[in-house]
Each structure stands twice: as C-alpha cells, then as structure tokens.
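According to TrEMBL, the Fe cation binding site annotation covers H263, H312, H376, H597.
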Amino acid sequence: MASSGLPIHIHCSAQKPSVSSSANFDHLKSTLSNAFKPFLKQIERLPLRIDVAPQTLNDTCLKLVDAAVDSVFEFADQPLLPSQSNFGPVDEMKEAVQVTNIQGEIPRDFAEGVYIRNGPNPIFGALTSTSSMFGRSSYTWIEGEGMLHALYFCKGVEGDWTVLYKNRYVETETLKLEKQRNKPSFLPAIEGDSPAILSAYLLNMLRYGKVNKEISNTNVFEHGGKMYSIAENHKPQEINILTLETLNDWDVNGGWNRPFSSHPKKAPGTGELVILGIDATKPFAELGVISADGNKLLHRADLKLNRCSLCHEIGVTQRYNVFMDHPLLIDLNRLVRGSSLMKYEKEGYARIGIMPRYESADSIQWFKVKPNCTFHLFNCFEDGDEVVMWGCKALDSIIPGPDKGQNKFDWFSRKLRPIKPIEGSMDAVSEDQLVFPRPYEWRMNKQTGDVKERNLTGTEYSMDFPFINEGFVGVQNNYGYCQVRDSIASSASGMAKYGGLAKLYFGEQNPGFSLKENEVEGLTKVEYHMFEKNTFGTGAAFVPKQGGVEEDDGWVVTFVHNEDTNISQVLIIEAKSFTSKPVARITLPFRVPYGFHGTFRPMQLQNDILSIIPSLNSKIVKSISPSCSQIHE
C-alpha cells in the first residue's frame with residue numbers, strides 16, 4: 001500500500017484568499033498543473049480509495065495541515081431549488097414507528113419481510129462545494145452519505161399485518177469522523193477545477209488516509225443470509241436488517257481489498273456471488289466469485305483492461321460472467337493535464353466481454369458494440385450460441401455532469417427534457433438527447449463473433465433502474481420492470497424524477513407498432529403504471545408471491561412522494577394487473593427523499609419485532625407473536 005507521506009509543501013495564511021481574476025486564475029491553474037506533474041507517478045500508485053490511516057504524520061503535522069485547509073478552503077452549501085426539495089436530506093430516526101394509515105389491503109399471500117431502499121442524505125443538510133486559491137470543487141448530485149429507509153411487513157398469527165418504518169444512516173468510518181468533527185471535513189475530489197481536485201485528493205489522504213468519503217448510498221443486497229449497503233467507492237458494509245445498524249466492512253474474510261460494483265449478481269444454480277471491482281490505477285478491473293455462504297473468495301481475476309471504465313453493473317448467465325467496457329472513464333493522467341477526472345469520451349470505443357465463470361482474462365471473448373453508456377441491466381442469459389444482454393442504454397453519461405464553466409441547472413434541464421419521435425435511425429439523436437436511456441438488447445454470438453443490437457422500446461418514455469423477479473437472474477426471463485422518467489418534471493427541476501413504472505413483455509411485440517426499415521424486429525410490448533400528478537418514485541423492487549408459479553406472480557413495491565402534499569407513501573402494485581390501481585397505499589409518517597435502488601428480503605419477523613421497535617404496544621406484539629409477548633411482559 002502506498003505511503004501517504006508525499007513531499008508537499010503547504011503555506012498557511014491567516015486569511016482565506018480570494019479567487020483572482022480569470023487571467024491570473026488560468027495562469028495559476030497552469031502553474032499548479034505543472035507543479036503537480038512531478039508527483040504524477042506517486043499519484044498513479046494511489047487508488048481512489050485508500051484505507052491507510054495517516055499514522056505516518058505526527059499530531060503536529062496533522063494540526064498544521066488541518067489549519068491550512070481551514071484557512072485556504074471555504075466550504076459552501078450547494079443549495080436546492082424548490083422543485084428539488086425532496087432531494088434534500090431528512091433527520092435520522094431514533095426508533096422505528098408503526099405505520100397505520102393504509103388504504104386498500106396488503107394481500108394475505110404477500111411475503112412477510114423487509115422492503116429497504118438506499119439513497120444519498122447529506123449529513124450536514126446539503127452537499128458542499130469548496131473554493132480556494134486552487135479553484136473550485138464540488139460534490140456531484142449522486143453523492144451524499146447513504147441512508148437506509150426500511151418498511152417491515154410483520155404478519156400476525158391471524159394473518160393480519162403490522163407495518164413498521166425506520167431510517168438510519170450507513171455508519172461508514174468517514175461519516176463517523178465527520179460526526180465527531182461536527183462539520184464538513186472532506187474536500188470534494190471528483191468534480192471541479194483540476195488543481196482543486198488534485199489538492200483535495202492529496203490533502204484528504206494526508207489528513208484521513210482516504211481520498212474521498214465512503215458514501216455507501218447506492219444499493220442494498222443480500223448474500224449468505226446477510227444484508228449489505230454498497231457504493232462504488234468502497235467495500236460493502238454489513239447491515240443488521242432489524243436495527244439498520246452498520247456492522248463491519250465486508251472484505252470476504254480478508255480475500256478482497258477493493259470496492260465492489262454496486263450490482264453484484266448471484267450465479268444461477270450455485271448461488272455464488274459474482275463481483276466486479278474497479279479502480280483508477282492498475283489493475284483497473286478485477287472480477288471475483290464468492291462462495292454461496294459468503295465466507296470465501298473462490299476466484300479472482302485481473303481483467304487486464306487498459307483503462308478505468310466506470311462499470312456500475314455486472315451480468316451473469318449459467319456459465320458466463322458478462323461485463324461492459326464503455327467510454328465513461330476515470331483518468332488520473334487527464335486530471336493532471338488539467339481536465340476532468342471522470343468523463344464520457346464520445347469518440348471512445350465500447351465493448352462487451354464474456355468470460356467463463358472461473359477463468360482468466362485470456363478467456364474473455366470481446367464483442368465490439370456501438371458506443372454507449374449503460375449503467376443498469378435487466379438480465380443476461382444464454383440462448384443457443386448467443387449470450388443476450390438486456391439493459392437501459394444511453395448514448396452519453398449524465399454523470400458527472402457538465403464541463404466546468406457550464407451552468408449546471410441549464411445543462412441538466414436540457415439533457416432531461418422530452419425528445420421528439422426520431423425518424424430514421426433510432427440512434428440519430430441530437431446532442432441534448434444523448435442521456436435519454438431506454439431498454440436495449442445485445443445478442444452476442446459466441447460462434448461467429450457477431451453482435452445484433454436493437455432498441456426494445458421507442459422514444460415516448462425514458463426508462464432506467466430496471467429490475468426483475470430475482471429468481472430469474474442469469475436465465476431467460478419473460479418480464480422486466482423499470483422506472484419511467486417524467487422528462488417534463490425532470491427538465492423543470494434539473495434533476496431526474498420518475499413518474500411511473502413500466503412492465504416489459506420480452507417475448508411479445510407491441511401490437512401498435514409498424515415495422516420500420518431500420519428495425520430487424522418489432523418493439524417490445526410495454527404496460528405502464530403512472531403515478532398521480534406531481535408524484536415521483538424511486539427504489540422499486542419485485543416481491544414474489546408466496547407459492548407463486550409464474551414469473552410475474554407477485555407485486556411491485558416502490559417509495560413515492562407527492563410534491564403537492566409533501567406526503568411519502570409506499571405503493572403495492574399487482575404485477576399481473578400492472579395498469580390497475582395499487583392494491584395498497586401505505587402513507588408514511590415522515591418524508592422519504594428520492595434515492596436509488598431498493599430490494600425486498602422475505603424473512604419471518606414474528607420473533608424479531610421487539611428488535612425493530614422495543615416500545616411497541618404489548619397488545620400489538622401479542623397479536624404478531626405470542627412468544628414475543630411473554631418477553632415483552
């Protein structure tokens with residue numbers, strides 16, 4: 001592991017310097033970029049996540065560095081517009097609460113268990129930016145400490161339901177550190193002027209032994225009977241699903257020392273977990289296979305990529321691992337040259353790799369595909385000689401956002417607005433339509449090396465955050481679900497908002513579609529479940545029906561928020577009657593901000609109810625679990 005003792009001279013000042021004129025600032029940036037070049041080789045040895053405590057610096061040095069940071073860097077909140085209010089954070093609850101406002105009925109054959117969703121919740125009320133003599137740096141809109149929101153469905157002895165709600169921060173080491181300091185402390189190190197990013201990179205490392213905060217705000221997944229919170233920049237954190245307490249970082253008993261991508265996948269048949277870890281330094285991407293019980297790393301392979309592609313998800317089939325190498329790149333050399341750390345390179349290549357489960361990089365079969373940015377997958381599976389991948393494809397990345405100097409709100413508003421139906425090639429879109437994702441299919445023939453690509457849906461709606469019945473991961477499935485972006489509301493607020501859900505029938509063609517010359521096959525049948533006006537949702541998940549036989553036997557659950565009433569709810573939607581009204585609307589006593597991914601974990605809760613909410617009324621406890629009521633009394 002690289003040492004944090006880089007030879008950096010820090011000049012302290014009693015006052016915060018102001019940013020100079022444009023000409024002088026450009027000269028300063030050029031000078032600083034040149035000044036940092038001698039450290040490039042050392043920087044290149046430092047991954048984006050460094051877990052070495054800064055023990056090499058004595059207390060006096062650390063105090064000097066802290067004083068320099070406090071003197072030179074000025075923190076400022078990144079404010080939200082009124083139309084962005086539900087992206088703002090909420091307070092952490094002290095204890096779970098019972099939810100009693102339920103319209104409709106929770107079905108009797110609904111699975112007992114926990115619906116849980118992750119999302120960013122800045123701990124000091126807002127994301128911060130910094131300004132200094134080095135320029136400006138800020139957090140991207142997807143950052144912010146992770147907060148879990150959980151809804152517990154407890155089934156009583158008579159078949160009646162008790163519903164509980166709780167939220168809690170994911171207590172990463174960096175969150176604990178900033179809580180102790182009671183102020184923003186980490187300098188933003190992703191977006192901004194390159195000298196500011198470089199200085200943040202180095203100063204964060206010197207002060208805390210970590211380049212950036214461990215946000216853990218993206219997804220929640222289960223493996224080996226345990227639950228984990230995850231984001232790309234750090235190892236997962238194990239979570240006590242009953243209390244939402246953060247336990248330990250998961251390094252697979254010392255077998256894994258880098259982050260996971262946010263969407264690891266269970267291999268069909270074996271139940272092993274396939275993971276992908278990226279880094280800004282070589283090896284840029286490593287694949288791992290973890291035993292079904294979660295205790296052992298069974299396989300590890302350097303994919304031998306020659307660039308760091310921000311791959312958010314990995315796919316699996318019965319025999320293969322499937323991964324994307326697209327041109328959304330993290331490049332330290334580019335940062336030192338004065339450009340951005342993260343950038344979608346529009347002229348770059350894109351390819352998909354298929355690799356036997358336990359093989360090395362030499363076994364990868366690469367398929368060149370049209371340049372794209374695909375964060376999320378429905379599924380991958382084998383179909384004869386072909387490996388099929390379904391995902392939500394865009395032609396550019398909404399992350400990290402505009403180039404420096406551009407107005408963020410204007411840029412996002414343009415990129416998120418609705419697009420007109422496209423004539424001719426479905427990929428012939430304007431510059432402001434490139435971040436419009438929609439379902440897409442890649443068919444890769446392992447015998448011939450050919451790839452067939454096609455859009456599964458038209459341009460009426462932008463769709464993302466796909467999910468399926470998890471029992472069909474890695475095998476051919478008939479149905480997929482995803483969130484439908486409300487492009488008008490998204491453009492007006494400059495933030496992505498999702499005004500409904502879609503159900504895709506992969507084996508059926510849209511009956512209203514007339515075949516165009518550029519499409520080999522017709523578009524897929526889609527049904528929509530749109531929310532009420534000014535209501536938007538996140539974190540949807542599929543809940544299989546107990547004793548269900550068919551793939552879509554079950555329900556879709558999602559958090560939604562009505563911006564007119566400022567009320568948050570959880571909806572339960574029957575998958576087989578997808579366009580019908582929700583079978584249940586569960587009104588929550590507190591606001592739930594928009595977030596990212598959710599999941600449902602079936603589990604018996606009768607004997608654990610007091611762990612969730614110790615103060616629950618004894619009569620309610622007795623109705624859920626007589627054995628628990630004896631303890632309560």
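The count begins at 1 with the first shown residue.
Glycine is treated like the rest: Cβ placed from N, Cα and C.
Whatever TrEMBL says is automated annotation, not expert-curated.
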List the same-chain residues at least 6 positions away in sequence whose Cβ sits under 8 Å from the Cβ of H597 (Fe cation binding site), in sequence order, or say none.
R117, N118, T218, N219, V220, S262, H263, F465, G539
Let me know how many other Cβ atoms fall within 10 Å of the Cβ of H263 (Fe cation binding site).
20
Around the Fe cation site formed by H263, H312, H376, H597, which additional residues qualify by having Cβ within 8 Å of the site's Cβ center?
T218, N219, S261, S262, E313, F375, L377, F465
Can you check which residues sit near H312 (Fe cation binding site), meaning Cβ under 8 Å from its Cβ, same chain, 6 or more apart in sequence, and list them in order?
E232, S261, S262, H263, F375, H376
